[in-house]
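> Starting off with a structure, shown below.
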């Protein structure tokens, strides 16, 4: 059996008046009807809610009660004019606001449309009213916020999910040099970033987990000028929780980082100064067996166990070289890159220096977890953090005590994140430095990270130590906590995020040293002992050696015997014509000859300068015979078999 359509005549009769009443009562907009004298004859529930009047209180009243007094006369005339107009419907408000008045006396904006018709010979007006107060307030807030963003000094931008720029404030224009018209629609990474694109993948992955990423980035301006910025990127989510874009805030740190680097270097030198007596003691211990053994051998005395004495002298020289290298690295910094850093060797190296410099009354204990993951950082800066904290611990224990260094992996949970605003969920490395010294009062604790604040006597510290520690830790996207009580010692806990890639492993060194095979090396150095020793060792290894004590002699020799010279070993610090000048002159004569630059000052800046001026490789002094022969073999191989 199938349903048949019901004929129209058989539909239940719908009462039109009841239907109209139901529509008016359920409408979300206010509906008012006025008679020819502009008295209210209909006032629906939505109008009651909008204006705050009950219908019974306003029916029969002039519509003026719903208007501010200053507009009533003009409104009355406009409605009368509209009633005589052939146009039957007119919209009021729209882009401009029409002000109405609530029962409380509050004035508020509305949008309204009004129509007129004639029923039984009488003019009737109907108005549909919408309260837009909240929308107006929202627009005002948006305008105010936009004006505020235009005024802030930080560069604020927004990007969509494809990385296209959708907002660019005036501060961003000033910082990067692109106007908003030029930047909008551009890909932010391609426009501003010159680093590894994988960095952005990691940032996006972290934002997906935590909604925000804060850290330092290297960017470029329109004219190619490099910038260091603190970059804060926050996810914009829709009502369903899906990310629809990102808001980015950049603060220019370029000048601040230059100042901080200078201050850190100053503070490192200050730290070395505080350890000077211990360093001198250690160097004297290194030099003693070398001097005694060398004099005994030079005198031709019959030395018992001659081989053991020679091994002791070599070991002492290597210890001295390691200490000098360690001091140079700590004072000036060998590298500045952020690379995966293994914490255990870092602590071991710091403790090795401290054992020879701290008073014997201070005992050092270390507890380093075996499975400790690496962190992404600058080895020199992290060494400085450890050294500064240990020096502070020493100063807090004038009568001796225990210095404890602990390192382990920790997983931070919700509680830690609530306590520490810089923390986020995940795996971190915690390095804890604790002492049994005098401790600190709450007043001192509040100020310990303030630059130039110190409790030490005049001349015994600048007050930059802990401020430097905090700056370095924050620049590594970590944070630091302190616990201390008077008489109970102090504990500093450093938290550093785990690196995503493992620390680089040391490359194995071949056991067989390469031979010279009759190749000719030009050796340039102003130190006669170095010339004699290195020449003798190279000749023994099968090289032919030409020696020059200064830059002028070196250039003359190279000009005369260039065809037979296979490589040049060049000291970078010589009186008169220095290494860079000689290097540049050699390169003008030959672009192919391998040149190894050597220097007793191993710094990143000197190495970079040498390579920029044409050096093939950089070999820091002191170097071993093995280091020298391997370096020569590498540069000759590179010349003979260049990469394709």
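Glycine is treated like the rest: Cβ placed from N, Cα and C.
What TrEMBL shows for this protein is this:
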type    : residues : note
DOMAIN  : 16-85    : domain 'PAS'
DOMAIN  : 141-199  : domain 'PAS'
DOMAIN  : 213-265  : domain 'PAC'
DOMAIN  : 278-500  : domain 'Histidine kinase'
DOMAIN  : 520-636  : domain 'Response regulatory'
MOD_RES : 571      : 4-aspartylphosphate
> Counting only residues 6+ away in sequence within the same chain, which have a CB under 8 Å from the CB of residue 571 (4-aspartylphosphate)?
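Residue 571 (4-aspartylphosphate) has long-range Cβ partners 524, 525, 526, 527, 530, 579, 598, 599.
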> Just to be sure I understand, if DSSP states are collapsed into helix, strand and coil, how many residues of the domain 'Response regulatory' (520-636) fall in each?
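Computed counts for the domain 'Response regulatory' (520-636) are 59 helix, 26 strand, 32 coil.
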> Restricting to the domain 'Histidine kinase' (278-500), what is the model's mean pLDDT?
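It averages 77.
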> With DSSP as the yardstick, break the domain 'PAS' (16-85) down into helix, strand and coil residue counts.
42 helix, 11 strand, 17 coil
